[in-house]
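For reference, TrEMBL has these:
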| type | residues | note |
| --- | --- | --- |
| SIGNAL | 1-28 | signal peptide |
| TRANSMEM | 302-324 | transmembrane segment |
| TRANSMEM | 369-397 | transmembrane segment |
| TRANSMEM | 403-428 | transmembrane segment |
| TRANSMEM | 448-467 | transmembrane segment |
| TRANSMEM | 473-496 | transmembrane segment |
| TRANSMEM | 528-554 | transmembrane segment |
| TRANSMEM | 560-583 | transmembrane segment |
| TRANSMEM | 595-619 | transmembrane segment |
| TRANSMEM | 639-665 | transmembrane segment |
């Protein structure tokens, strides 16, 4: 059976087809690359397990690192994508098995050997660090509902369930009995989408033969819930039990999470059991992820967008005033007075400020190779972000396909090496007015600049995870695969982009550059102060959305409001361009022609505020973060994220300022 996340061209075609059709999306729409798996009554369902995770410790561990029950046929790894491995997901088979629509009484799973002191201490440590057990059924994570202690009528929802609990008496208890509920939806026929897909291969692909025969139908899994309990099973009475035998215990009379029984202590075995109930639900299969993706706070997202629009409009008004009133008015008056002798003095008076630096404004900046390289890397990162968010907003990266988002980002980043090489060499050739000498050095450095820094940080953090035995560590073979992808995909594409840029026509400067540089007047205030302050405006457009992104990265919440994120990204790019244009114009007005680097950092300085927000988030939202290893992971990835944002926004500011300066000096006629 094919994986329900198999990407197909047919899925993309059906998406376009359904958009233009008049049918209800709820009745016939599936996320591209996903499809329902049908089950008949009596069909076997097998839950899978993922890594143990904790909100206070960022070190995921294998599920079977604790003495849980292994399946009778042995533990096998489930099919994993590149993104899953990079995220630390390790999906494996489990001993939890049941049949469709067959409710069960408590079933015996296993009885462990008496716990050694080390094993008991490890379980207690996992409980102290609030580690969660993550089960999966038909790609759905298990969900747990608990009462809100502040508002008892409100249920709090979370994925997974704790390994155990520490009671008020200081003793540790493990959740050894699970009351599982599987929500199913009965399908009465084949949907229009499935009928279109039911070709020779499509029938097997979407599971029609496994879900009701030629008439379609069958049941789909639309929910997976759990109530964990700690039940004091009598270890002696289950000594002769086999796996999946029925047992009579306190669990049969009810599963109360507030009552604990199975204490963790040395030289005492643990007994595990479970029961299953199937519940028919009115939730349709296309809507089964709504409970997981509902982030809430829609008004907050809209407020963020409206706030950003106000900032964009304010800056746009300033830019329009500069372009339409100041610049065009000065140019019109200069052309009107410059032709007559009587107007010579007034023309000389108008020929001041930014017009005096015409012979130096396109002078090559300091460290030109570095500027070209980081501009190319910034374009690559920005392109990766835009393409990934667009595909995610269109639904091509379903949450059912775990790791699809990370896999897509990596693939787009590798392919967009062409854009990095082309931009870096293109800027280099433009600076040197058509002289492409040295473009190979620029292209080679573009292949290793940000990727090299990122890979170095990733390697150090991965070694830390390896040392601690965490599943977050990338396996050695995958590590080699990433290296090979870098050298055999990213590097050639980057060099190819640089080669193309070295042979295409460059942008001509509208004015000639003087041989001797003009002296820059001493400024009353350092222009870099304005550069640092300018970062507040781009940060103001994204800081609200940044909270949800950080919560998704570090608190395990699902982020899937990519439509909002796409709008925020568009507004961020606009603000970055406007901020850099305004600061560039302000610098030129005081006869400071060194605008290249300031234009880059005027918008790139938003990274400073993102780092500041990361510190704030660590102190006030991740105050339960435990251990130096978790702190090192947080700091390392936060620095890498800030660097990527700086390069992307800086490239936007540099490009916008160059277009502005080129337009500005191409409209004035200077002798």
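Each residue, glycine too, has its Cβ placed from N, Cα and C.
Counting Cβ pairs closer than 8 Å and at least 6 residues apart in sequence, the transmembrane segment (448-467) and the transmembrane segment (595-619) reach fewer than three and form no contact. Remote same-chain residues near the transmembrane segment (595-619) are listed as 361, 365-366, 371, 374-375, 527-528, 530-532, 534-536, 538-539, 542-543, 546-547, 550, 554, 575-577, 579-580, 583-584, 587-588, 625, 631, 634, 638-639, 641-643, 645-647, 649-654, 656-658, 661 (criterion: CB distance under 8 Å, separation of at least six residues from the stretch ends). Proximity of distant same-chain residues to the transmembrane segment (403-428), defined by a Cβ-Cβ separation under 8 Å and at least 6 residues beyond the stretch ends, is recorded for 5, 33, 80-87, 89, 368-369, 371-373, 375-377, 379-381, 383-384, 387-388, 391-392, 397, 436, 438-439, 442-443, 445-447, 485-486, 489-502, 504, 506, 651. Touching of the transmembrane segment (560-583) and the transmembrane segment (369-397) is concluded from the presence of at least three CB pairs under 8 A, sequence neighbours closer than 6 excluded. Distant neighbours of the transmembrane segment (302-324): 537, 540-542, 544-545, 564, 567-568, 571-572, 574-575, 578-579, 581-582, 585; these residues of the same chain sit at least 6 beyond its ends, with a Cβ under 8 Å from one of its Cβ atoms. Sequence-distant neighbours of the transmembrane segment (369-397) (same chain, 6+ residues past either end, Cβ-Cβ under 8 Å): 7, 12, 15, 31-33, 404-405, 408-409, 412-413, 416-417, 419-425, 427-428, 431, 438, 441-442, 445-446, 449-450, 560, 562-563, 565-566, 569, 573, 596-597, 600, 644, 647-652, 654-655.
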